[in-house]
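As structure tokens, the structure follows; a few thoughts come after it.
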């Protein structure tokens, strides 16, 4: 596989555009093929078997297009399908997981040997929070920290329907999920869905100034770079990269919304 081959990036819909955008920013020589499966969104309320089948269909599409790696820019699809995809394909398959370690590590102070327990909300889809992969991740950190799981399916729908700019709707939806918590005593919110990255400014409005809003996009793209470099597959310096957008929903509304989110 040539180092100038593209990278395939997919999501259940439009959320993974936030990851494609991060790749374009951090790895500008890379050519990204983005595929959003908006016709089948949301994945977060489907069964793991349904998500696996959809994920395999998309990766097959990428393989036919000659990609050198695939990024599953979807926490839900990662939870349900990443292990099976890695067993089946001989190209790197990079997954996403909620950046819980980053949130909990904020309690480690270099000058103090004692961990400061963190109070963390993980906002994600229902399926991500139900899957064994997340339970295993949570088991690593919940003995020293207080971790709240908050499924937020409506946040996916708001992005997919193009209503992200409706401030009143978004804040009303966020308050519906998070007013049950004493936000003054929350240390961080982990955005465990790539759709939720587009809500970063709204979460900042919701949270006290000292609290962090954390997502896994930068770490995922950094890992992608390390993997490609180790294989000698980074695009040549000076190559003209970019992002090509495709979607299972062929409507102009989705195409226009995709372009808008890529350039937010």
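Using the three backbone atoms N, Cα and C, a Cβ is placed for every residue, glycine included.
Per Swiss-Prot, the features are:
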- 11, 12, 43, 44, 75, 76, 194, 195: substrate binding site (BINDING)
- 74: active site, proton donor/acceptor (ACT_SITE)
- 193: active site, proton donor/acceptor (ACT_SITE)
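Location within the structure of each feature annotated in Swiss-Prot.
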| residue | record | contacts (Cβ under 8 Å, 6+ apart) |
| --- | --- | --- |
| 11 | substrate binding site | 17, 19, 35, 36, 37, 72, 73, 74, 77, 194, 195 |
| 12 | substrate binding site | 36, 37, 38, 40, 41, 42, 43, 44, 54, 74, 76, 77, 156 |
| 75 | substrate binding site | 96, 97, 98, 124, 125, 128, 192, 193, 194, 216 |
Neighbouring C-beta atoms (10 Å sphere around the C-beta of residue 43 (substrate binding site)):
29
Reduced DSSP assignment, residue 11 (substrate binding site):
strand
Taking the residues 11, 12, 43, 44, 75, 76, 194, 195 listed for substrate, what is the greatest CA to CA distance in Å, to the nearest whole number?
12
